[in-house]
Amino acid sequence: MLKLFRSNSSADIVSAIEQTQGVIEFALDGTILRANGNFLGLMGYTLDEVRGQHHRMFVSPEEANSAEYRNFWSELREGKSQTAEFRRLNKRGEPVWIQATYTPIRRGQRVTRIIKFASDITAQVRARADIESQIAAINRAQAVIEFAPDGTILHANDNFLGLMGYTLAEVQGRKHSLFVSESHARSDEYARFWERLRAGQFQTAEYCRLAKGGREVWIHATYNPILDPEGRVVKVIKFASDITADFERKREFEVLSLVANETDNAIIITDAAGLVQYVNNGFTKLTGYTPEEVRGKKPGPVLQGPATDPDTVARVRHCIQNRQPFYDEILNYDKDGTPYWISMAINPVFGKDGRLEHFISIQANITHTKEMSLEAERRFAAISVSNGVAEFDTDGRIVRANRYMTGRLGFPDERQLLAHTAELKSIVGEQHLHKLLAGEQIITEFAMHDAQGQPRQFKGTFCPIADSEGQIRLVVVYCTDEQTKHEAAQVTDREMGRVQESSRKVADIIGSINEITEKTNLLALNAAIEAARAGESGRGFAVVADEVRKLAQQSSASAQQINQLIAESSERIDRLSQSLRNLRGM
């Protein structure tokens, strides 16, 4: 009875297997002996098409000729069963994946045949391959890292390791807190983050993480809890994309937006045709126009007015048409018609393909500075009418001269004057040149040769001009033509000399008169003495002698008065001459 039960039980098992699985029997050399309907249906054959054929009909020629295939059958003949997933080919040559067990059947100690039980797993293999392909694609495209529920790092792919600058050995077994700051790792927010993951809640956001060396890395990441069949979290997989460059661009854009919105400068962005797309608050403050009032319009016709320089407008148009940058000052008008000066920069913006996309204009209000500059220019122009202005470089070469200088020196134009003027050292002397290059201002008379090569006298102030670092970059002289005064002084000196010479000659003549007077006076005295000796007969001669003596005394007195007047005149002439010399030295 027990034997019968066992026999019936074995038959039931075989029947059940035959109904649910593909079954095929082989001889020890691989020849097919039998196959059930499940197997034949799976492979697309009839029993007659396979009976007597070799097992290799179900594999590719490459596999059938391989050492691995030969070893496979050798081990079966030795009684070693084989269980695995196998790739086989059906009648149409299409791959069929099976989960199969090749079992050697023994009679005593000898293997007599091979029986295979197979289940079709093609759909599962394809699904698994699809999943594996997706995972491989994710691994190629994203940074992937796996954590235990407590945050311990289990594995990380090359993308993640390359992004963070670590090797797998440096991170495996360490905590996720390796990638955050110490303060964040101690925070309640970080603790709640991992509590939610352990509770099975996925987390998706943009995160700032720290790479090796403390470098900031911004990622867009999804932390995905992985559950076991009982619903328990067994690990967490993170998929991350590096968005550092995008984040920095966004941060830069936010800063630029802050600048655009908070600056007092006007910012205009147009399309490639020059039509306004954007204006900032500074534009509205400067012009009075709202964005809605100017959007879609060209800014030039809106802002320019009757006193706007047409040459500047033409240059703006030329630069825009030729897609070139522009920088200059221009007079515009606000919404109320009030003119204002701006410093304007326009720059073309090109796309990655090289096509023009926008123009950006930045405009700064320089009305006050410009008006001061224009006033200074008018004053300078007025000064230049009656004063000479010339500039010299630090090598002493004259590089600029105004019309006053060219006119006074008789040159037809500035270019001729520059070509024929001596260096500054020859004009002011070496000592003065050293003072100028040391930053010292000097006032002096100097001569420059005119177009005929004759020296012409000037008097002026030489001013060294320094750059922002204090280095002398040029010397400017402001001067007046002193040639007429110089010539008049020469004539005056010459005539004064002649007057002084005449005074000396008159003084000499007066001296001679005084000498004659003294002699006459002496003769008259002698005559009076002789007349006294002669008595009555000499009385008349005594009267004459007395008159002569009186005349001599009067002549002497007059000569002394003349001599005093000449001395006073000479003294005054000397003082006048000194005054003229002082005037020339001023």
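Just so you know, glycine gets a Cβ as well, placed from its N, Cα and C.
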Report summary line: coiled coil per TrEMBL, picked from 307-334, 447-474, 475-502, 559-586, is residues 559-586
Query raised in the report: Near the domain 'PAS' (150-174), which residues from the same chain, at least 6 beyond its ends, have a CB less than 8 A from one of its CBs?
Result: 139-144, 194, 209, 211-213, 215, 217, 219, 235, 240, 242
Report task. May I ask whether the domain 'PAC' (203-255) has at least three C-beta pairs under 8 Å with the domain 'PAC' (82-133), counting pairs 6 or more apart in sequence? Result -> no
